[in-house]
Amino acid sequence: MDHHHHFTPPPSPMENTAAGASSKPPTPASTPNSRLSSGAPSSRQSATPSHASATASAPTPASRTVYSDRFIPSRTGSNLALFDLAPSPSSSHDAAASGPNAASSGSAAPTSPYCALLRAALFGPDTPDRVASSATACSSSSSPGASAVGTPATGNIFRFKAEVPRNAKRALFSGEDEEDALFPGIFTTRGAGQRKIARSPYKVLDAPALQDDFYLNLVDWSSHNVLAVGLGNCVYLWNACSSKVTKLCDLGVDDNVCSVGWAQRGTHLAVGTNQGKVQIWDATRCKRIRTMESHRMRVGALAWSSSLLSSGSRDKSILHHDIRAHEDYVSKLTGHKSEVCGLKWSYDNRQLASGGNDNRLFVWNPHSVQPVLKYTEHTAAVKAIAWSPHLHGLLASGGGTADRCIRFWNTTTNTHLSCVDTGSQVCNLVWSKNVNELVSTHGYSQNQIIVWRYPTMSKLTTLTGHTYRVLYLAISPDGQTIVTGAGDETLRFWNVFPSPKSQSSDSLSCIGGTSFVRSYIR
C-alpha cells in the first residue's frame, strides 16, 4: 500500500446488537444442528426467537414437530462469527464470564461486515484480528456438534479463509489491472510490495562499432522477435528465439548506418544512411527492394505508419515515403531549425511527433506540412519520444544534457501535463503496453536506466551497468523485455515489465530467462 486512508464507517446495527450479546437469546449458529425435511424446522428451532423464522403457532411441547409453510434453512454449520455476523460461542462465553470488565481486558466487540471487508481490503487477511477469527472459526467447525454442511467440500460461500486467493479479496476494489485501483486516491492495490525487477541484465551481446552518437537510432525490435542493429556500415539481425545472427547488408566503406526501423508487420526494415539515403529491405529474403535519395544529409530517425515511412534528417526536414508510390516521397514537412533526431507515430497513426536539436517538439497530422502543435519548453535536444498505448493523445518527451526533464503532453487538448527532472540526459523513452509504466535511458552523467510508474512517476527501479551513455533502446514484442545499447559496444537485455494477463505460454517471447549469457552479435 502506498497510502493508508482511514475511513469511519456508518454505525451498523450489528455493532449495537453485539453490545448486548450476553443478554440476547442464543442465535441459530449456537443451537445444535437439526435436519430439515420438506421445509420443516425442528421444535427447538421453532421455539428459538430469530429474525429468520416467525410462526403464528403457539409454543408446543418438545416431543411434537410443527410443520409450517416456510422453508427455513439450518445455518448451524455456517461460520457466521468469521464475518462478525454473530458472536462465536467462545466469544459469547468469554464476554459473559468477563462481565463489565471485558473492555479493560482487551476483548473487542464484533465489528460490522463493512468493517471486516474494509480491513481485509486495506491490510490483507493476515492481520491478528483475522488470524484470531480464523482460529475461532476452525475450532467451532471442528467441534463435535458442527455440521458437515460448512465443510469446504460443499462449496460454502461463507468460508473466507486460505482457500480464497489474496488477489480475489483485492479484486473487490481493483480494476482490470490488479495494480490499478478502481478508486484513484483511495485504494492502491500494491499488496505486499512493489514488483521485483532484476538489477542485472540476463543477457549481454558484444556489439563492436556501435556508435556513441546521441542523434542516431541504431536498434529496433520487430514484431517477429528479430533485433536489428546498425554497426558501422553494416546491419545485423539477431533472432531472439534462436540467437542466430544474420548480416543483412553492407553499405560499403563510403557510408554508415544512422538509423534502422521495422515496419509493423516485421518483414521489412528501413535503413537510414550517412549519405542521406533511405533503403527498404526485405528481411526474410535479405534483399534490398528500394532506395530513396531525397535527403541531402544523414537520416538519423525513422518511423513507420502502415505503408508510409517517415524519415528525419540533419537537413532539418521530414519526408513521407509511400512505398507503394513511384515517387521518392509524397510530402515534405518543414519546421525544425536543426537536425531531426526523434520521430514517432502514435498508435492510431493519426499524429506524428518529432523532436530536434533545436529543442523543439512538434506534432503533425498526416495531411499537414506544418506542425499543428509546437512545444518549446525543453531546453536541450529532444530525441526521446514515446506515445502512451493506454491513453489517446498522451505523449512523453525527454530533453538532453541541459534539460534532463521528462515532460508529458495531452495532444488532444494541447496541454502540458507534468514535468520530472531526472538528473541526467534523457536519451530514450518507451512505454509498456502491459502496464501503465515507462522506461527511460540516460546519458551524462549517470548512464542509468529507470523504470517509472505513471502518473505518479515514482521510480520502480534504477538499473546500471553501461559505462557509456545509454543511447539506444527497444522493447520486445511481448512487452516484457527491453534491450539497451551504449557506446561501450554492448547490448544488454533486461526483464522489467510483467507479462500481459492474456498472454499464452507459447507466446513470441523466447528470450526470457534468468541465466546470464554473453555473446557476440557478429
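Placed from the backbone N, Cα and C atoms, the Cβ positions cover glycine too.
All annotation found in TrEMBL is predicted automatically rather than curated by experts.
Noted in TrEMBL for the protein shown:
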| type | residues | note |
| --- | --- | --- |
| REGION | 1-65 | region 'Disordered' |
| COMPBIAS | 17-34 | compositional bias 'Low complexity' |
| COMPBIAS | 35-45 | compositional bias 'Polar residues' |
| COMPBIAS | 46-63 | compositional bias 'Low complexity' |
| REGION | 83-109 | region 'Disordered' |
| COMPBIAS | 86-109 | compositional bias 'Low complexity' |
| DOMAIN | 205-494 | domain 'CDC20/Fizzy WD40' |
| REPEAT | 250-291 | repeat 'WD' |
| REPEAT | 333-365 | repeat 'WD' |
| REPEAT | 463-496 | repeat 'WD' |
Problem - DSSP-derived helix, strand and coil totals, residue by residue, for the repeat 'WD' (463-496) - result: 0 helix, 17 strand, 17 coil
Problem - Counts of helix, strand and coil residues, the repeat 'WD' (333-365), according to DSSP - result: 0 helix, 16 strand, 17 coil
Problem - Reported mean pLDDT - the repeat 'WD' (250-291) - result: 97
Exercise for the section: Just give the helix, strand and coil counts over the repeat 'WD' (250-291), going by DSSP. Expected result: 0 helix, 23 strand, 19 coil
